[in-house]
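What TrEMBL records for A:9-522 is domain 'Cytochrome oxidase subunit I profile'. Positions annotated as transmembrane segment by TrEMBL: A:27-48, A:68-92, A:104-128, A:153-179, A:191-219, A:242-262, A:274-295, A:307-332, A:380-404, A:416-441, A:461-483, A:580-598 (among others).
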Amino acid sequence: MSTYAKKQGFGATLWDFMTTVDHKKIAILYLISGGLFFILGGLEAMFIRIQLAVPDNNFMSAGTFNEMITMHGTTMIFLAAMPILLGIMNAVMPLQIGARDVAFPFLNSLGFWLFFFGGVVLNLSWFMGGAPDAGWTSYASLSIHSQGHGVDFYVLGLQISGFGTLIAGINFLVTIINMRTPGMTYMRMPMFTWTTFVVSALILFAFPPLTVGLTLMLFDRMFGANFFDAAAGGNTIIWEHLFWIFGHPEVYILILPAFGIFSEILATFSRKRLFGYSSMVFATVLIGFLGFMVWAHHMFTVGLGPIANAIFAVATMAIAVPTGIKIFNWIFTMWGGSVRFTVPMLYAVSFIPSFTMGGVTGIMLAAAPADYQYHDSYFVVAHFHYVIVGGVVLGILAGITYYWPKIFGTMLNETLGKFTFWFFLIGFHLTFFIQHFLGLWGMPRRVFTYLPGQGWETSNLVSTAGAIFMAVGVIILLINIIITSVKNVRVGNDPWEDGRTLEWSIPSPPPFYNFKQLPLARGLDAYWIEKMEGKKEMTPAEPLGDIHMPNGSIIPICITIGLFVASFGALYNMDADKTWTVPVIIIGLLITFGSMLIRSIKDDHGFHIHKEDLMDDKDKEVKA
Amino acid sequence: MANQQSNSANPNLNLEYRRKQNAEEMKHQVITFSMMIFFTLIAFAMVAMETISRWFIIPVILLLAVIQVIFQLYYFMHMKHKGHETIALFIYSGLTVGLITVLVFLTIVWL
Ligand code: HEM
Ligand SMILES: [Cu+2]
C-alpha cells in the first residue's frame, strides 16, 4: 500500500477533501457542513424562543423576527436535515449494496459543493442587507413585495443547492439500480438502501417543480415579470401549488431515510430480522407514491372548493395506512427479540410514540373542515415539529451514533450519549407538546410577540425552557464528539457486535476501495447469514483482481464557484445604480462553463490498484 | 441494451439468427417511420383544409403526437426490448406526477 501513502499536514488534508470523489469522504463533508448549518439553525431557533418566552418582549424587532423564522425553517430543511441525511446515505448505502463507490463519483462531489455554496449564498444575506423574510414557504403574495434583497438570496441560494440535491438523487438511483453486488437482488437490499432508493426517486420528481417555481419567482423579481402578480394578470396561487408539489414530497424525503435508519437499528439491537420486510418495502414505495397526490392539504383554506379539498383530504388520510404498517412492523421487530438498549436503540424506541403523535395530529389536520381552525396556528407548528424533530432529528441523532464507528472508526461515549438522549427527548416534548394547546387556544403562527392576559404566558415559557434542554443535549453531543476524536480508540469491523448488513463485514473506516473482493449476498441481512454459519467474513463473489478507481478533481468546486459568483451579479442586477452586475454574471458563468469544458475535453481514466498491492499475507499463503 | 446480444465475442455466433432478428427490427422501423410521416401529413392537411372545427383538430393532433412519441420510444429507442423495465417505470412515474399536476392546474387553477 506504500504507493498510496498520503501527504500529511492540514493543507494536504484540506486539499484532499476539496478534490475528493470518494463517497466516504463526501459523506464526512456533508455531515460536517450539515452539522454546522444545524447549529446555525438551532441558534436561530433559540433566538425565536427567547423572543417568545414572555409577552410584549422586545428582544428583537418584528422585521428581524421574520428573518429569523424564515432562515430557521429554510436552513433546517434544506441545509441541515437533508444534507445530513444525504451524508449518511453516502456513507452507508454503497457499503450496504456491496459497491466500491457511487455510480458517478465526480457528480457526487459536484452535488455536495453545489449544496454547500448554495447554503453559503443564503446565509451571506445576513451580512449583505438582510435575510429573506417571507417564511420558508416564501408565498408569492408576500415575497414579491418584500423589500431589499432577502428573497433574492432565498431564490438563488435554493436554486444552487437544489441542483446539488437533484444531482445527488440521480446519482443514488443509478448506483442502486446498477451497482449491487452479485446476489444482492432488490428484495435483499437492506431497508435503509430501499428508503434511499425511494427518496432519490422523490428527489428526482419533486425538485423540478421547485426549480420551476424559483425560476418564475426570479423572473418576477429580477425582470419585472408578472407570473404571480394578480394585479397584472398573474396568479399568486400558482407559487403555492408549485411550492407544495415540491414541499410535501420533501417532507417524505426527510422522513423516509429516518425510517430506514430506525429499521436497521431496531433489527440490529433486537437481534432479529426486521419484521415484515416485504411489507416494509411495499409501504415505503406506497408512501413515496401517495406523497405526490396530497400537496393541496397545505392549501385547504385557500378556497380550492369542496371537491378539491375532499379529494386531497382523503388522499392525505390514506398515507396513514402504509405509515401504520411500518409502526406495527417496528413494534413486532422488537417483540420477542433480545433487546439491547444502546443509545441508537433508545432513540429508536422513543421515536415510535413521538412520531406517531405527529402522525395523529397530521390526520387531524387532514380533515379539511377542521383545518380551518388549526391552519396557521401553533397547532400546525406542533404537528410538524413532532414529525420533523420526533422523526427526522431523532433519526439523524440515532443514525450518527449508530454509524459513527463505521464512518470515523471510533465509538461515541455511551454515557454521554444517554445524557444527550434524555435531555433532547425531554426538551423536545416540553417544547412542542404544549404548542398543540397554544394553537387550540388561538395563538397564531409566525407572530413576533403577543399581549399578556390571553392565557399564553406560562405555556410559552415552558416551551422556551424545553428548547434550552434540547440545546444542552446538543452541546453534550458536541463534547462527546470532541472527547471521542481526541481519545481516538480504534474499533473493529462490527463494533455493535450484532451488525447484520454488508457494511459491518469490512473494517471501520473501510479502505478507500471498500471491498477487496465484491461479496456474495446470499439473502437478506447477508452478513448475519455468514455469521450464523460460523464464518467471520463474506464469501467473495469474484477472484482477487485489479480495482479501477476514479481520480480526485478540483473541477466540481470550480464549477460551483462560478455559479456562486454569478449569483451575486444576478442578485444586485435590478439595482439601477450598480453597473458591475452584468460583468460579474458573465465572469461567473465563464468560470462555470469553462470548468465544464475542461472536464469534457480532458480525458481522465482514473487509476488501478494492482492485485499485488491488495494481497495481504493470507492471500499469499493460499497462493504458495 | 446489451441483453439482446450473446456474450460471445465471436461475431459469427448465431449469425443466421441475428440476421433474421435485425431484418425484423428493420421492417418494424420502416413501418413505424412511414406511419409517423403519414401522421404528420394528416396533421398538416387537417389544418390546411380550414373547414374542420378546431375542437376536432386539436385533440386529434395531440393524439397523433402521443402515438408518435410511443413509436419513437418503443421502436427507435428500443424500449420494447428486455432490460428496459426500470426505465419504463421511471418514465411512467414521472408522467403520472406531471399529468396529475396538469390535471389539477386545469381543474382548480386556470379554468
Ligand atoms: C400521517 C402523515 C401526515 C399527515 C396526515 C400530515 C398532514 C399535514 C397537514 C394537513 C398539514 C397542513 C396544516 C395546515 O397548514 O393547516 C401539514 C403541515 C406540515 N407537515 Fe404534515 N402530515 C403528515 C406527516 C408529516 C411528515 C412525516 C412531515 C415531515 C417529516 C410533515 C411535515 C409537515 C410540515 C413541515 C408542515 C407545515 C408546513 C408549513 O406550513 O410550513 N408532515 N401536515
Ligand atoms: Cu404535506
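One is the number of the first residue shown, and numbering goes on along the chain from there.
Using N, Cα and C of the backbone, Cβ positions are placed for all residues, glycine too.
Most Cβ pairs under 8 Å with the transmembrane segment (A:274-295) belong to A:307-332, among the candidate stretches A:27-48, A:307-332, A:380-404. For the domain 'Cytochrome oxidase subunit I profile' (A:9-522), the model's average pLDDT works out to 95. Sequence-distant contacts of the transmembrane segment (A:242-262) (same chain, at least 6 residues past either end, Cβ-Cβ under 8 Å): 77, 81-82, 85, 88-89, 137-139, 191-196, 198-199, 202-203, 205-207, 209-210, 212-213, 216, 284, 287-288, 291-292, 294-299, 326, 330, 347-348, 351, 384, 387-388, 391-392, 394-396, 398-399, 402.
Away from its own ends, the transmembrane segment (A:580-598) comes close to residues 555, 558-573 of its chain (Cβ-Cβ under 8 Å, at least six residues beyond either end). Across A:27-48, A:68-92, A:153-179, A:380-404, A:461-483, the stretch most heavily in contact with the transmembrane segment (A:416-441), judged by Cβ pairs under 8 Å, is A:461-483. The transmembrane segment (A:191-219) and the transmembrane segment (A:68-92) are in contact, since at least 3 Cβ pairs between them lie under 8 Å (pairs 6 or more apart in sequence). With respect to Cβ pairs under 8 Å, the transmembrane segment (A:380-404) is most closely packed against A:68-92, considering the stretches A:68-92, A:104-128, A:153-179, A:461-483. Long-range Cβ contacts of the transmembrane segment (A:461-483) within its own chain (Cβ-Cβ under 8 Å, at least 6 residues beyond either end) map to 39, 42, 45-46, 49-50, 52-54, 397, 412-413, 416-417, 419-424, 426-432, 434-435, 438. Same-chain neighbours of the transmembrane segment (A:153-179): 70, 74, 78-79, 82, 86, 89-90, 93-94, 97, 99, 102-104, 107-108, 110-119, 121-125, 128, 131-132, 134, 138, 143, 189, 193, 196-197, 199-204, 207-208, 210-211, 214-215, 217-218, 221, 560, 563-564, 567, 570-571, counting only residues six or more beyond its ends whose CB sits under 8 Å from a CB of the stretch.
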